[in-house]
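According to TrEMBL, the feature transmembrane segment maps to 12-32, 52-71, 78-99, 213-237. Marked as disulfide bond by TrEMBL: Cys142-Cys172, Cys143-Cys161. Look at TrEMBL and you will find 257-280 tagged as region 'Disordered'. What TrEMBL records for 257-266 is compositional bias 'Low complexity'.
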Amino acid sequence: MAKRSSCFQRLFIFFNVLFAIAGGVIIGLGLLGQFIYHGSTEEFENQSKGFVVLYVVGGITMFMSLLGAYGAHREKRIPLIMFLVACFVVCFCLLRVAVPTAMYRPEVERIVDEKFRELLPLNEASPDVRQLTEKFQLNLKCCGLFSYTDWGDNVPDSCLCQGEEDQMEGTCQNIPYQLLIFSEFRMTGHQKLIYKQPCFPIIEGYVAEALDIVLGVSFGFAALALLGAVLSAVLLAQLRSSNVAVPVVFSVSSHPSKFSFSSHPPKYSELYNEPEKHEK
């Protein structure tokens, strides 16, 4: 029983070490992102909340894992109970967010579509929206959110195909010249080449992929938290059974220098009275 408990104890400690490594990886991702965006003050401010979330999640994960490993190594019930409760709380919170998100995912995609359509037409949108859309067009090689006509008569130069490779790949299309702002480069008669693909389907694909990653991580961590809670409960049960008091019998022999302890109960001995002898 003690050997099996020791093996289970080592398994539980190994599980918590892996959990601690996962928490360290999350914190490392936050530090890496902070280092990447450190040069741009505006982008760093926009991403600061995401970095804080990574630090908090990674810190909680490492704290929980170290607490569980300490309780298992020292065979302390209080840290194990705290680890058990924390695992159940984390599992509940993750499932409370992930399950409704997975159930109402089509509704979320519809809301995102409506929010983007509220920005149209782009030529009448705010300067920040126009600037962000042009960044999308340059980086994703697309034009407009749903079509190049989102810009009306002011299609910007960021929609123009930038090289011969884009033209060879069939990602460009000709549109009438009057739809473009006045610019002298890349003219083809009375038409110019712009990117054929609108930006919203690409953005929607990235959003769906990010949502899949978030759901996968949430369900994965919830499963790990539930597994940790089960392992902690089993280890607590084993510690409780190993701490049950065993009766100890102290026996003293007739010899004054000899005495012994025994954890086994004394053997059964039958007590009887000798029959009385009748006098003749």
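Quick reminder: no glycine exception, Cβ is built from N, Cα and C everywhere.
For the transmembrane segment (52-71), the partner stretch with the most Cβ pairs below 8 Å, chosen from 12-32, 78-99, 213-237, is 12-32. Other C-beta atoms found within 10 angstroms of the C-beta of Cys142 (disulfide bond) number 24, with every protein chain shown included. Distance from the CA of Cys172 (disulfide bond) to the CA of Cys143 (disulfide bond) is 10 Å. When Cβ-Cβ distances below 8 Å are used as the criterion, the transmembrane segment (78-99) is approached by residues 60, 64, 67-68, 70-72, 214-215, 218-219, 221-222, 225-226, 228-229, 232-233, 235-236, 239 of the same chain, each at least six residues removed from its ends.
Look at the disulfide-bonded residues Cys143, Cys161 and count other Cβ atoms within 10 Å of each Cβ; Cys161 has the fewest. Cys142 (disulfide bond) sits 9 Å from Cys161 (disulfide bond), taking the Cα positions as reference. Residue density at Cys172 (disulfide bond): 22 other Cβ atoms are found within 10 A of its Cβ, drawing on all protein chains shown. The distance from the Cα of Cys172 (disulfide bond) to the Cα of Cys161 (disulfide bond) comes to 6 Å.
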